[in-house]
Amino acid sequence: MRIDILSIFPEMFGPLNQSIVGKAQDKGILELHTHDFRENATNKQRHVDDMPYGGGQGMLLMPQPIFDTMDKIPQKPEKPARVILLDPAGKKFDQKMAEELSQEEQLIFICGHYEGYDERIKTLVTDEISLGDFVLTGGEVAATVMVDAVVRLIPGVLGKVASHEDDSFSSGLLEYPQYTRPEDFRGMKVPEVLMSGHHENIRKWRLKESLRKTLERRPDLLDKYEPNEEELKMLQLLRENVQDVVE
(Lines of atoms letter the chains of each structure in order from A and count residues from 1; the text may use other names and numbers.)
(Lines give C-alpha, C1' and ligand atoms only; values in the text may rest on other atoms or scores of the structure.)
Protein backbone atom coordinates (compact mmCIF):
# COMPACT_ATOMS: atom_id res chain seq x y z
CA MET A 1 0.00 0.00 0.00
CA ARG A 2 1.04 3.59 -0.65
CA ILE A 3 -0.12 6.35 1.72
CA ASP A 4 0.35 10.06 1.01
CA ILE A 5 -0.37 12.72 3.62
CA LEU A 6 -0.83 16.42 2.80
CA SER A 7 -0.07 18.70 5.75
CA ILE A 8 1.66 21.96 6.62
CA PHE A 9 3.20 20.15 9.59
CA PRO A 10 4.75 16.98 8.09
CA GLU A 11 7.10 16.64 11.05
CA MET A 12 4.11 15.59 13.17
CA PHE A 13 4.10 12.20 11.43
CA GLY A 14 7.45 11.05 12.84
CA PRO A 15 5.79 8.45 15.09
CA LEU A 16 4.57 6.61 11.98
CA ASN A 17 8.17 5.59 11.34
CA GLN A 18 8.17 3.61 14.59
CA SER A 19 6.56 0.40 15.88
CA ILE A 20 4.19 -1.58 13.64
CA VAL A 21 3.80 1.09 10.94
CA GLY A 22 7.56 1.58 10.79
CA LYS A 23 8.11 -2.17 10.47
CA ALA A 24 5.56 -2.30 7.65
CA GLN A 25 7.69 0.23 5.79
CA ASP A 26 10.86 -1.75 6.52
CA LYS A 27 9.22 -4.89 5.09
CA GLY A 28 8.22 -3.04 1.93
CA ILE A 29 4.52 -3.58 2.64
CA LEU A 30 3.89 0.14 3.12
CA GLU A 31 5.18 3.19 1.28
CA LEU A 32 4.53 6.37 3.30
CA HIS A 33 5.01 9.90 1.93
CA THR A 34 4.30 13.27 3.54
CA HIS A 35 3.82 16.44 1.49
CA ASP A 36 4.03 19.99 2.86
CA PHE A 37 1.53 21.75 0.63
CA ARG A 38 2.85 25.14 1.78
CA GLU A 39 5.81 24.45 -0.53
CA ASN A 40 3.43 24.69 -3.48
CA ALA A 41 1.88 28.03 -2.51
CA THR A 42 2.40 30.55 -5.33
CA ASN A 43 1.95 33.81 -3.40
CA LYS A 44 5.03 35.69 -2.14
CA GLN A 45 4.25 35.06 1.53
CA ARG A 46 3.55 31.36 0.85
CA HIS A 47 0.21 31.64 2.61
CA VAL A 48 -2.06 28.62 2.37
CA ASP A 49 -5.10 30.31 3.93
CA ASP A 50 -7.23 33.38 3.33
CA MET A 51 -10.38 35.13 4.55
CA PRO A 52 -13.75 33.67 3.51
CA TYR A 53 -15.90 35.45 0.95
CA GLY A 54 -19.04 36.87 2.55
CA GLY A 55 -17.28 37.42 5.87
CA GLY A 56 -17.10 35.20 8.91
CA GLN A 57 -14.70 34.07 11.59
CA GLY A 58 -11.36 32.43 10.90
CA MET A 59 -9.42 31.60 7.77
CA LEU A 60 -9.95 28.95 5.10
CA LEU A 61 -7.41 26.75 3.36
CA MET A 62 -6.98 27.94 -0.22
CA PRO A 63 -7.48 25.44 -3.07
CA GLN A 64 -4.35 26.24 -5.12
CA PRO A 65 -1.62 24.78 -2.82
CA ILE A 66 -3.59 21.58 -2.27
CA PHE A 67 -4.55 21.13 -5.93
CA ASP A 68 -0.95 21.66 -7.05
CA THR A 69 0.33 19.20 -4.45
CA MET A 70 -2.22 16.60 -5.54
CA ASP A 71 -1.12 17.04 -9.16
CA LYS A 72 2.38 15.90 -8.18
CA ILE A 73 1.33 12.72 -6.38
CA PRO A 74 1.53 9.66 -8.66
CA GLN A 75 -1.65 7.62 -8.99
CA LYS A 76 -2.61 4.67 -11.16
CA PRO A 77 -5.07 5.82 -13.86
CA GLU A 78 -6.81 2.45 -13.75
CA LYS A 79 -7.15 2.54 -9.94
CA PRO A 80 -7.03 6.06 -8.47
CA ALA A 81 -6.38 6.56 -4.78
CA ARG A 82 -9.03 6.98 -2.11
CA VAL A 83 -8.65 10.64 -1.13
CA ILE A 84 -9.66 11.32 2.47
CA LEU A 85 -10.41 14.78 3.80
CA LEU A 86 -10.11 14.99 7.58
CA ASP A 87 -13.18 16.97 8.61
CA PRO A 88 -15.18 17.01 11.89
CA ALA A 89 -18.34 17.08 9.75
CA GLY A 90 -17.35 13.86 7.98
CA LYS A 91 -18.45 10.27 8.50
CA LYS A 92 -17.24 8.90 11.83
CA PHE A 93 -14.22 6.59 11.58
CA ASP A 94 -14.61 3.08 13.00
CA GLN A 95 -13.11 -0.39 12.77
CA LYS A 96 -15.30 -1.38 9.82
CA MET A 97 -14.04 1.64 7.89
CA ALA A 98 -10.43 0.79 8.80
CA GLU A 99 -10.94 -2.73 7.41
CA GLU A 100 -12.42 -1.32 4.21
CA LEU A 101 -9.57 1.15 3.70
CA SER A 102 -6.94 -1.54 4.36
CA GLN A 103 -8.02 -3.20 1.09
CA GLU A 104 -7.02 -0.17 -1.00
CA GLU A 105 -3.76 0.15 -2.94
CA GLN A 106 -3.34 3.87 -2.24
CA LEU A 107 -4.75 6.32 0.30
CA ILE A 108 -4.28 10.09 0.35
CA PHE A 109 -5.05 12.06 3.52
CA ILE A 110 -5.59 15.83 3.41
CA CYS A 111 -5.08 17.45 6.82
CA GLY A 112 -6.84 20.73 7.45
CA HIS A 113 -6.10 23.65 9.75
CA TYR A 114 -7.71 26.97 10.57
CA GLU A 115 -11.48 27.39 10.21
CA GLY A 116 -11.94 24.94 7.36
CA TYR A 117 -11.54 24.30 3.64
CA ASP A 118 -12.46 26.16 0.50
CA GLU A 119 -15.37 24.06 -0.77
CA ARG A 120 -13.64 23.46 -4.12
CA ILE A 121 -11.01 21.32 -2.40
CA LYS A 122 -13.73 18.74 -1.85
CA THR A 123 -13.89 18.04 -5.60
CA LEU A 124 -10.60 16.17 -5.12
CA VAL A 125 -12.01 14.00 -2.37
CA THR A 126 -13.67 10.57 -2.28
CA ASP A 127 -14.32 10.48 1.48
CA GLU A 128 -14.81 13.04 4.24
CA ILE A 129 -13.98 11.37 7.56
CA SER A 130 -14.04 12.46 11.20
CA LEU A 131 -12.25 10.84 14.12
CA GLY A 132 -15.19 11.60 16.42
CA ASP A 133 -17.64 14.18 17.68
CA PHE A 134 -15.03 16.73 18.72
CA VAL A 135 -12.82 19.32 17.06
CA LEU A 136 -9.00 19.12 16.89
CA THR A 137 -6.53 21.89 16.09
CA GLY A 138 -5.70 20.17 12.82
CA GLY A 139 -6.10 16.92 10.94
CA GLU A 140 -2.64 15.53 11.69
CA VAL A 141 -3.54 13.67 14.88
CA ALA A 142 -6.64 12.18 13.25
CA ALA A 143 -4.65 11.10 10.19
CA THR A 144 -2.00 9.45 12.39
CA VAL A 145 -4.66 7.47 14.25
CA MET A 146 -6.36 6.36 11.04
CA VAL A 147 -3.11 5.34 9.34
CA ASP A 148 -2.16 3.23 12.36
CA ALA A 149 -5.60 1.58 12.49
CA VAL A 150 -5.54 0.82 8.75
CA VAL A 151 -1.94 -0.35 8.33
CA ARG A 152 -2.08 -2.97 11.08
CA LEU A 153 -4.89 -4.69 9.12
CA ILE A 154 -2.86 -5.06 5.91
CA PRO A 155 -1.93 -8.73 5.38
CA GLY A 156 1.63 -9.43 6.48
CA VAL A 157 1.95 -6.45 8.82
CA LEU A 158 1.07 -8.33 12.01
CA GLY A 159 2.51 -11.76 12.70
CA LYS A 160 -0.82 -13.59 12.64
CA VAL A 161 -4.23 -12.69 11.27
CA ALA A 162 -5.70 -13.68 14.63
CA SER A 163 -3.69 -10.89 16.24
CA HIS A 164 -6.19 -8.33 14.98
CA GLU A 165 -9.25 -10.54 14.49
CA ASP A 166 -9.63 -10.83 18.28
CA ASP A 167 -9.28 -7.06 18.82
CA SER A 168 -12.14 -5.06 20.27
CA PHE A 169 -14.62 -4.04 17.54
CA SER A 170 -13.25 -6.52 14.95
CA SER A 171 -15.99 -9.00 15.85
CA GLY A 172 -18.49 -6.29 16.73
CA LEU A 173 -17.86 -6.83 20.46
CA LEU A 174 -15.32 -5.56 22.95
CA GLU A 175 -12.38 -7.87 23.61
CA TYR A 176 -12.43 -10.26 26.56
CA PRO A 177 -10.03 -9.77 29.55
CA GLN A 178 -6.54 -11.23 29.14
CA TYR A 179 -3.86 -12.29 31.62
CA THR A 180 -0.18 -13.23 31.63
CA ARG A 181 2.32 -14.31 34.32
CA PRO A 182 2.39 -14.41 37.28
CA GLU A 183 -0.62 -16.53 38.14
CA ASP A 184 -1.14 -14.64 41.41
CA PHE A 185 -0.13 -10.98 41.64
CA ARG A 186 -0.81 -9.16 44.92
CA GLY A 187 -3.77 -11.39 45.58
CA MET A 188 -5.25 -10.94 42.11
CA LYS A 189 -5.48 -14.38 40.52
CA VAL A 190 -5.85 -15.49 36.92
CA PRO A 191 -9.26 -17.17 36.38
CA GLU A 192 -8.83 -20.93 36.77
CA VAL A 193 -10.58 -21.70 33.48
CA LEU A 194 -7.76 -20.02 31.53
CA MET A 195 -5.21 -22.42 33.06
CA SER A 196 -7.38 -25.52 32.68
CA GLY A 197 -6.24 -26.37 29.16
CA HIS A 198 -9.88 -27.06 28.25
CA HIS A 199 -10.22 -25.17 24.96
CA GLU A 200 -14.01 -25.27 24.75
CA ASN A 201 -14.45 -23.94 28.29
CA ILE A 202 -11.91 -21.22 27.58
CA ARG A 203 -13.76 -20.27 24.39
CA LYS A 204 -17.08 -20.03 26.25
CA TRP A 205 -15.53 -17.97 29.07
CA ARG A 206 -13.97 -15.53 26.63
CA LEU A 207 -17.21 -15.16 24.68
CA LYS A 208 -19.21 -14.56 27.86
CA GLU A 209 -16.72 -11.99 29.15
CA SER A 210 -16.66 -10.26 25.78
CA LEU A 211 -20.45 -10.00 25.86
CA ARG A 212 -20.39 -8.86 29.49
CA LYS A 213 -17.88 -6.08 28.81
CA THR A 214 -19.81 -4.91 25.75
CA LEU A 215 -23.10 -4.91 27.65
CA GLU A 216 -21.59 -2.91 30.52
CA ARG A 217 -19.45 -0.42 28.59
CA ARG A 218 -20.80 -0.15 25.04
CA PRO A 219 -24.38 -1.46 24.95
CA ASP A 220 -24.90 0.59 21.77
CA LEU A 221 -22.72 -1.93 19.90
CA LEU A 222 -25.25 -4.65 20.63
CA ASP A 223 -27.96 -2.71 18.79
CA LYS A 224 -26.34 -3.58 15.46
CA TYR A 225 -24.79 -6.91 16.49
CA GLU A 226 -26.46 -10.13 15.32
CA PRO A 227 -25.87 -12.74 18.05
CA ASN A 228 -26.12 -16.45 17.39
CA GLU A 229 -28.20 -18.78 19.58
CA GLU A 230 -25.38 -19.37 22.06
CA GLU A 231 -24.72 -15.65 22.42
CA LEU A 232 -28.42 -14.89 22.85
CA LYS A 233 -28.60 -17.27 25.82
CA MET A 234 -25.49 -15.73 27.38
CA LEU A 235 -26.84 -12.21 26.90
CA GLN A 236 -30.15 -13.17 28.49
CA LEU A 237 -28.38 -14.54 31.57
CA LEU A 238 -26.12 -11.49 31.79
CA ARG A 239 -29.08 -9.12 31.57
CA GLU A 240 -30.96 -11.09 34.22
CA ASN A 241 -27.96 -10.85 36.54
CA VAL A 242 -27.78 -7.10 36.00
CA GLN A 243 -31.49 -6.79 36.75
CA ASP A 244 -31.08 -8.83 39.96
CA VAL A 245 -28.32 -6.46 41.13
CA VAL A 246 -30.48 -3.40 40.39
CA GLU A 247 -33.43 -4.85 42.30
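Just so it is clear, glycine is given a Cβ too, placed from its N, Cα and C backbone atoms.
Here is what Swiss-Prot records for this protein:
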- GLY112, LEU131, GLY132, ASP133, PHE134, VAL135, LEU136: S-adenosyl-L-methionine binding site (BINDING)
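Locations of recorded Swiss-Prot features on the structure.
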residue: GLY112; record: S-adenosyl-L-methionine binding site; Cβ within 10 Å: 25
residue: LEU131; record: S-adenosyl-L-methionine binding site; Cβ within 10 Å: 20
residue: GLY132; record: S-adenosyl-L-methionine binding site; Cβ within 10 Å: 12
residue: ASP133; record: S-adenosyl-L-methionine binding site; Cβ within 10 Å: 7
residue: PHE134; record: S-adenosyl-L-methionine binding site; Cβ within 10 Å: 7
residue: VAL135; record: S-adenosyl-L-methionine binding site; Cβ within 10 Å: 9
residue: LEU136; record: S-adenosyl-L-methionine binding site; Cβ within 10 Å: 16
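Between the farthest pair of Cα atoms in the S-adenosyl-L-methionine binding residues (GLY112, LEU131, GLY132, ASP133, PHE134, VAL135, LEU136), the distance is 16 Å.
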